[in-house]
Structures are given as C-alpha cells and as structure tokens.
Amino acid sequence: MRPQILLLLALLTLGLAAQHQDKVPCKMVDKKVSCQVLGLLQVPSVLPPDTETLDLSGNQLRSILASPLGFYTALRHLDLSTNEISFLQPGAFQALTHLEHLSLAHNRLAMATALSAGGLGPLPRVTSLDLSGNSLYSGLLERLLGEAPSLHTLSLAENSLTRLTRHTFRDMPALEQLDLHSNVLMDIEDGAFEGLPRLTHLNLSRNSLTCISDFSLQQLRVLDLSCNSIEAFQTASQPQAEFQLTWLDLRENKLLHFPDLAALPRLIYLNLSNNLIRLPTGPPQDSKGIHAPSEGWSALPLSAPSGNASGRPLSQLLNLDLSYNEIELIPDSFLEHLTSLCFLNLSRNCLRTFEARRLGSLPCLMLLDLSHNALETLELGARALGSLRTLLLQGNALRDLPPYTFANLASLQRLNLQGNRVSPCGGPDEPGPSGCVAFSGITSLRSLSLVDNEIELLRAGAFLHTPLTELDLSSNPGLEVATGALGGLEASLEVLALQGNGLMVLQVDLPCFICLKRLNLAENRLSHLPAWTQAVSLEVLDLRNNSFSLLPGSAMGGLETSLRRLYLQGNPLSCCGNGWLAAQLHQGRVDVDATQDLICRFSSQEEVSLSHVRPEDCEKGGLKNINLIIILTFILVSAILLTTLAACCCVRRQKFNQQYKA
C-alpha cells in the first residue's frame with residue numbers, strides 16, 4: 001500500500017510541475033530556454049532541470065539567489081544582461097559547475113548591496129564573462145571578481161574604472177581577450193597585466209590615457225588604444241622576448257610624431273588617423289627635439305621616428321592609415337621599408353606634392369588614398385607602384401601633370417580625379433594642348449572619374465585603347481564632347497555619367513554602346529536622343545531636368561527589353577504624343593521614378609500627372625482640335641464669301657449709279 005501512495009504522490013508532483021511549466025511564458029527548444037523581455041521579477045523555478053542555455057535578459061530582476069538558480073545544475077550559458085541586478089547572494093553560482101558563459105552586462109552591480117554580497121565567487125569553468133555597463137569603479141572590481149582559472153574572455157567595457165593595479169586581474173591565468181573600452185582609465189600600474197601570460201587581445205579604446213611609455217606585453221597580438229589622449233607611444237627598451245603585436249590602433253589621439261615601432265616587426269595593421277602627426281623632413285633629431293609626454297608620466301626618453309632602425313622595421317606592414325593628420329611632405333626614406341604595404345591612406349592631410357619615383361617603390365601597394373589634400377604635383381616613376389589598382393586623388397588642386405602620369409601605372413584599375421583641374425588629351429592623332437593628361441592606351445584602367453575638372457573640350461580618341469567600364473564626366477559646365485571622343489569604348493563601357501554639363505546636343509552615338517547599363521544625362525538642356533532601334537543592355541536612364549517633351553516609340557523602342565528604371569522629373573513632357581512612355585507606365589514594364597509627381601501638359605497648357613492620363617483624354621483633345629479647325633475654317637470661308645459678296649454688291653451699285661446719271 002505504501003509504494004502505491006508514494007507513486008501517487010510522485011505523479012501528483014509531476015502533474016503540478018507540468019501544470020506550472022505550462023504557465024511559464026518562456027520559449028523552450030530542446031535544452032535552450034528564452035525568457036527575454038517578459039517583465040520577470042525573479043528567476044523562474046519551474047523550468048526543465050536539464051536546461052543548458054537560459055536567457056533572462058531584458059527583465060526586471062533585482063537579485064540573484066542560489067535558489068532557484070541552483071536547481072539548474074546543467075546550465076552552460078546564462079544571460080542575465082539588461083536587468084536591475086544589484087544583489088548577488090554569496091554562492092549564487094556555486095552549484096552551476098558546468099557554467100561556461102555568463103553575462104551580467106548592463107545591471108547595477110556597483111550599488112552597495114552588491115558589495116555586501118561577496119562578489120561573484122569562484123567560477124571554475126566559466127570561459128566568457130561580461131560585466132560591461134555596470135558603473136563598476138576601481139577598488140570594487142577587485143572585490144567583485146573571483147577565481148576564474150578557465151576564463152578566456154572578459155568584458156569590463158562601459159564602466160567607470162579609472163585605474164588598473166597589479167591585483168585587478170588576479171587568478172585569471174587563462175585570460176586571452178580583455179575589453180576595457182569606454183571607461184575613464186587614466187593610470188595603468190606597472191605589472192597590471194603580468195598575471196595574464198596568455199593575453200592576446202586588449203581593448204583600451206575610449207579612455208583617458210595620455211601616454212604609453214613602457215609597452216612590454218610581448219605576447220599581445222591586438223591592441224586598441226583609439227580615442228584616448230595619447231601623446232606618445234613607446235615600447236620597452238629591453239624586451240625579454242620578441243613582440244608578437246600584429247594589430248595596433250592609435251586613431252583619434254594626440255600624437256605629434258610617427259611613433260618608433262622598430263621593436264614591432266610583426267605589425268601588419270597600423271591606424272594613426274585623426275592625430276596631429278607631422279613627418280620629419282630632415283635628419284633624425286636627438287631626444288631633446290622630440291615631443292615629450294605631459295607632466296605626471298615617468299616616460300622613457302623618446303627617440304626620433306626611425307626609418308633605419310635595426311632590421312627592417314614595418315617590413316611586414318600591410319595596412320597603414322595616416323588620414324586626418326597634418327602631414328605636409330612624405331620623405332623618401334619613409335616609404336623605403338614598406339615593402340609589403342598593400343593599403344596606404346594619406347587623405348585629409350596638408351600634402352602639396354607626392355613622389356614615388358624610385359624603381360620598385362611600394363611594390364605591393366594596391367590602394368593609395370591621397371584625396372582631400374592640397375596636391376599640386378604628382379610624380380610617379382615608370383616602374384614604381386607596380387601593383388597599384390586604386391588611386392584616389394579627389395579634392396586636390398592637380399593641373400598640368402606630365403602627360404603619361406597614369407599611363408605608367410601598369411596595374412591601375414580605378415582612378416578618381418574629381419575636383420581637380422585635369423584636362424584630358426586626345427588620341428594619338430590629336431594629342432591636345434600642353435599640360436593635358438593622356439588617358440588613352442591604359443589597358444588596365446576600368447573606372448575613371450573626371451567630375452568637376454572644368455573640362456572645356458573632350459577631344460576625339462580621348463580614351464582610345466582604354467577599356468573603361470565606368471566613366472563619370474559630370475559637373476563640367478560648358479563641356480563640348482567632340483565627335484569620336486568616346487570612341488573605342490563601345491564594347492566595354494557599362495556606366496556613363498554626363499550630368500550637369502549644360503549639353504544641348506549629344507555628339508555620342510549611344511546605340512553603339514552595346515554594354516551600356518547605366519546612363520546619366522540629368523541636368524542638361526537636351527531635347528532629343530538618338531534612336532535605339534535595336535535591343536541594347538541599358539537598364540537605368542536618367543533624363544531629369546532637361547528639355548524633353550516627347551519620347552517617341554520610334555526612338556525608344558530598342559529599350560523595351562532591357563530598361564528597368566527611367567528618371568524624367570523636370571522635363572516639359574507632353575501628355576499626348578508620348579504613347580511609348582504611357583504604355584510603359586500602364587503596363588509596368590519600366591519603373592518611372594516618382595510617377596505620381598511626373599507632370600505633363602496638354603496643348604491647352606493644362607498640367608496633370610502623367611500617370612492619370614488616359615488614351616481617351618488625348619482622343620478627346622484631338623476631336624476638340626478637329627472641331628476647332630472646322631469651325632475656324634467655316635468662319636474663314638464665310639468671311640471670304642461675305643467679303644466677296646460685299647465687293648460684288650459695291651461694284652454693281654457703282655455701275656448702276658453711273659447708268660442712272662447717264
């Protein structure tokens with residue numbers, strides 16, 4: 001009898017548990033439970049005991065107790081982020097012996113109740129811990145962190161830490177990634193990271209550091225120091241082993257000079273943008289001539305930026321960003337050792353000239369950004385920059401360049417010259433005036449922008465034997481395009497822009513460009529287009545703000561199979577006579593941009609939306625015109641008859657009067 005009673009009690013218990021479980025609004029899939037944003041005030045106690053992943057983020061939890069959390073001993077992933085947790089019961093996570101990932105981000109752990117709770121306690125198997133966004137401050141952090149021998153990733157971002165000491169990261173021998181971004185760190189005590197022998201990734205961005213005077217983390221591979229107030233960066237003078245650093249971010253600081261990085265031979269990524277850097281133009285100075293850190297820092301003596309240090313400094317560097325600095329000149333010696341460099345950004349500086357004339361200079365460089373400087377001269381050697389594919393020169397003052405400046409770049413594919421004063425030469429038979437630049441015969445070039453260069457005449461053969469796929473000649477008011485100026489591009493050109501040039505006549509036989517997909521003729525004074533009588537590849541046609549009144553089917557018929565988008569705003573379109581356009585609108589073959597706002601005019605000058613025009617409207621208009629013509633003809637004939645009749649009567653009367661007098 002007794003076993004039967006026990007069995008009945010067990011069944012009742014299971015039934016009640018199942019009933020309560022059904023009431024829990026959490027989503028359960030296999031061993032994963034999601035209780036996100038449910039307004040929960042405490043950890044649910046009726047979840048499956050074998051749950052391995054529990055997401056309680058976005059609720060209103062204020063305290064974490066050992067019970068019921070300790071019931072879920074199989075937990076591996078626990079997300080408690082974005083709650084209001086300010087109390088952790090001692091040993092709250094002690095029963096979770098399998099826990100590997102714990103997130104307490106964006107809570108209130110800095111409140112006094114968290115202090116009295118004794119911190120997190122030991123986390124023997126946790127590999128990932130997120131404590132970001134808790135207003136944690138120095139001193140409290142040491143009391144909150146417990147023993148975590150397996151911890152690999154720790155996030156302390158978006159807190160209020162001001163100082164790191166030797167004791168901050170104790171008992172974390174396996175830590176590899178440490179995120180401290182967006183704190184208020186001003187001081188890092190010597191040896192603060194000595195207890196982290198496996199640390200490879202360190203993020204110290206968005207803090208208040210002013211100097212790195214004795215960098216000695218040989219094992220570190222990624223270091224982010226961006227968005228601080230760093231005035232100097234110096235490695236240890238006698239490191240115990242070779243530095244492994246490959247990625248260094250120092251952007252948005254206050255560096256006045258290029259740091260001496262000869263001790264970092266493995267560096268492949270270096271970002272120094274948004275600083276105050278000027279490169280030295282003379283011989284190296286002694287340490288007295290170099291900017292020293294602000295007072296309050298016991299920095300080692302700083303050496304001049306070195307390009308000739310032992311070995312080959314920066315010889316493995318692939319990416320260098322020096323944009324938004326105050327560089328006026330690039331010394332020849334600066335580029336000598338950058339033999340592996342692939343990407344160089346020097347935009348937004350004060351450069352007036354750039355030279356790369358030496359044989360083999362920057363042999364691996366693929367992208368060079370010199371945009372938005374004050375460049376007036378550009379000298380590129382015949383065998384320099386042999387791998388360069390992209391050259392960005394927009395926003396400079398280039399003019400009167402050597403004619404074959406770009407023809408010497410054997411691998412050049414993309415060239416942006418927007419906002420300069422470059423004048424293209426003609427073809428081999430029409431070279432052009434002095435100071436023009438040759439764009440013909442550059443067999444590798446695919447994309448060219450000559451926007452806003454004050455070009456007056458585009459000569460015949462300007463791009464002969466240069467298989468461009470994209471050409472932008474916009475914003476050159478008064479541009480005259482000579483017959484044959486785009487000759488040689490018929491089989492390659494896919495994108496052509498001639499916007500804002502004031503063109504009245506287009507001397508380009510567009511139907512011959514069989515690969516053309518996008519054509520921009522906006523903001524000109526065109527009223528006619530050449531006839532596309534055969535099928536072509538054109539998909540997008542921009543005719544905004546021109547003088548088109550009619551787009552007859554005889555001229556546009558060849559576009560029906562390919563055209564997908566047509567821009568026509570700002571043209572004096574006729575409501576009648578545009579049968580081809582109306583058919584495209586009503587049948588939906590072509591997407592005419594903003595069709596509801598596309599206005600056309602009837603002969604009576606009445607303006608309506610083109611999408612509202614029906615064929616019968618034009619038929620009625622035609623009937624009205626015919627009736628008007630008939631009426632006018634009748635009135636004219638009647639007037640002639642009446643005039644003739646009056647004249648005859650007058651003659652007869654005169655004859656009658658003469659006979660009567662006689």
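Glycine is treated like the rest: Cβ placed from N, Cα and C.
Swiss-Prot has this to say about the protein:
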type	residues	note
CARBOHYD	Asn203	N-linked glycosylation site
CARBOHYD	Asn271	N-linked glycosylation site
CARBOHYD	Asn308	N-linked glycosylation site
CARBOHYD	Asn345	N-linked glycosylation site
CARBOHYD	Asn545	N-linked glycosylation site
REPEAT	98-119	repeat 'LRR 3'
REPEAT	387-408	repeat 'LRR 14'
REPEAT	515-536	repeat 'LRR 19'
SIGNAL	1-19	signal peptide
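Structural mapping of features recorded in Swiss-Prot.
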residue : record                      : Cβ neighbours (10 Å)
Asn203  : N-linked glycosylation site : 21
Asn271  : N-linked glycosylation site : 21
Asn345  : N-linked glycosylation site : 21
Asn545  : N-linked glycosylation site : 17
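Here Asn545 (N-linked glycosylation site) is compared against the glycosylation sites Asn203, Asn271, Asn345, and the shortest C-alpha distance is to Asn345. Geometry remark: Asn271 (N-linked glycosylation site) versus Asn203 (N-linked glycosylation site), CA distance 14 Å.
Confidence annotation: the repeat 'LRR 14' (387-408) carries a mean pLDDT of 95 in the model. Separating the Cα atoms of Asn345 (N-linked glycosylation site) and Asn203 (N-linked glycosylation site) is a whole-number distance of 23 Å.
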